[in-house]
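*Asks:* Supplied in structure tokens, the structure appears directly below.
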Amino acid sequence: LDSEVVTCFDNSIAGSFERFTTTRDAVLISNNAVKGLSAIKLQYGLLNDLPVSTVGNKPVTWYIYVRKNGEYVEQIDSYYTQGRTFETFKPRSTMEEDFLSMDTTLFIQKYGLEDYGFEHVVFGDVSKTTIGGMHLLISQVRLAKMGLFSVQEFMNNSDSTLKSCCITYADDPSSKNVCTYMDILLDDFVTIIKSLDLNVVSKVVDVIVDCKAWKWMLWCENSHIKTFYPQLQSAEWNPGYSMPTLYKIQRMCLERCNLYNYGAQVKLPDGITTNVVKYTQLCQYLNTTTLCVPHKMRVLHLGAAGASGVAPGSTVLRRWLPDDAILVDNDLRDYVSDADFSVTGDCTSLYIEDKFDLLVSDLYDGSTKSIDGENTSKDGFFTYINGFIKEKLSLGGSVAIKITEFSWNKDLYELIQRFEYWTVFCTSVNTSSSEGFLIGINYLGPYCDKAIVDGNIMHANYIFWRNSTIMALSHNSVLDTPKFKCRCNNALIVNLKEKELNEMVIGLLRKGKLLIRNNGKLLNFGNHFVNTP
């Protein structure tokens, strides 16, 4: 067999164990223990995709043995998740049955859990807007049966140890709360917390679950547990992926974009659309940059209209921006918007008299994909965007402009390199398409002293990055919103002439501390007023 092949053997078939012992990389599944070898021991199985813990009157026990590189793998002591879901959950011990049926106080007294914060950690605190505790599946099952909320799982990988779900309160259908949890047997969880050192204020604890160390955060007060929860795994909660510097300095030839997950869809919680997630993740990324956010920030949003005659992107931007920010949006189609000013019509005829601090563009021309021949730079609305950046974007301002494999512009790639920082950002919810946002932070214009790479080469570098990088498809970050709001960083607005731009001023531009534009009233949108504060 190929050395990279892992062979699975069933010990109930004669001769399987002997073949397992001579195979380089293999797994042996047995319902009997093999003397002298350490195993992963599971006390449940799956029958027609449903978890079962007994067959007839006999308990189900599986022993799993592993060989790697011709050697037996010694298994560490571990707790194991139970493979249940919210819909298929059934208690597997007397303690779990008591948890679902007994009063909270009586249960805690019966099992001696007074010092372990069970009221918060396991029973769950739903008295506040943000859900507290409930980090075991059985916690959600108990409260959902009481009619307090509904639960919707949203992790794609069903075999994940740490899962997440979206919880909606029954008395507030518009609410969305995220809850991370594991399906550990309650008896095992009690063993875990009773083994903790409570003489600390805070501590990161490694808990071995499914043969892997998971970090849990422990907080105590007066030798009592206040909270104990699994830390989020950053990769699954990443709002997206930014193009690394290494790919920006390549000199690739343009190839077709060939994504491994092209066209795949991610299941979204009820009431949340892809555009809402996309814009939320874009805003979350912009929060990590040196974006200038002055008082009365000016923002222009192009391509605002969605398929339903509304502007979901503007709604997200309005929620993200400081309350005193001025949001202007535009689209070719009629639409309803949360922007302060909306202009309907072709963006190329949109006359801008004043300078803006942030440009967000979701413009896309579907006809670019059907053009025969080579995939070359497109003009169209990109000509307007390039002119806007050169003439109407504040020095120190920023942009986020959508591109795709076929919808791109050579001059825009070269212009974006005149920002202090630039990248291409792909939102996690849209990694199954070639779409990305060209991000430019802190515009320097003619004061940029960096070498400019040809735009055709840079687009080829982008496609090469997309083809060579596996990106997880996820919307998880949209539910992690405590720090979503964009906060004013008191960036200064000054109106300076070219001869007044010395090294100190340019240094402030680079650091996102300064914007250069007029600071008077925003003009020429009076005929398109939509919302009154």
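Note that Cβ sites are derived from N, Cα and C of the backbone, with glycine treated the same way.
Copying in the features that Swiss-Prot gives for the protein in this structure:
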- 1-73: domain 'AV-Nsp11N/CoV-Nsp15M' (DOMAIN)
- 90-230: domain 'NendoU' (DOMAIN)
- His120: active site (ACT_SITE)
- His135: active site (ACT_SITE)
- Lys176: active site (ACT_SITE)
- 234-530: domain 'Nidovirus-type SAM-dependent 2'-O-MTase' (DOMAIN)
- Lys278: active site (ACT_SITE)
- Asp362: active site (ACT_SITE)
- Lys402: active site (ACT_SITE)
- Glu435: active site (ACT_SITE)
*Asks:* Which of the listed active-site residues (Asp362, Glu435) has the least company, meaning the fewest other Cβ atoms within 10 Å of its Cβ?
*Replies:* Glu435
*Asks:* Per residue, counting other C-beta atoms within 10 angstroms of the C-beta, which of the active-site residues His135, Lys402 reaches the highest number?
*Replies:* His135
*Asks:* In whole Å, how far does the CA atom of Glu435 (active site) lie from that of Lys402 (active site)?
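*Replies:* About 7 Å separate the Cα atoms of these two residues.
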*Asks:* In this structure, which of the active-site residues His120, Lys278 has the fewest other Cβ atoms within 10 Å of its Cβ?
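*Replies:* Lowest Cβ count within 10 Å among the active-site residues (His120, Lys278) is His120.
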*Asks:* To what whole number does the mean pLDDT across the domain 'NendoU' (90-230) round?
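*Replies:* Here the predicted model's pLDDT, averaged over the domain 'NendoU' (90-230), is 86.
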*Asks:* List only the single closest residue to Lys402 (active site), chosen from the active-site residues His120, His135, Lys278, Asp362 by CA-CA distance.
*Replies:* Asp362
*Asks:* Could you give me the DSSP helix, strand and coil counts for the domain 'AV-Nsp11N/CoV-Nsp15M' (1-73)?
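*Replies:* Final tally across the stretch: 6 helix, 31 strand, 36 coil.
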*Asks:* What are the helix, strand and coil residue counts for the domain 'NendoU' (90-230) according to DSSP?
*Replies:* 37 helix, 47 strand, 57 coil
*Asks:* Using DSSP, would you call Lys278 (active site) helix, strand or coil?
*Replies:* helix
*Asks:* Expressed to the nearest Å, what is the distance separating Asp362 (active site) and Lys278 (active site) at their Cα atoms?
*Replies:* 11
*Asks:* What whole-number Å value do you get for the CA-CA distance of His120 (active site) and Lys278 (active site)?
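*Replies:* Cα-Cα, rounded: 33 Å.
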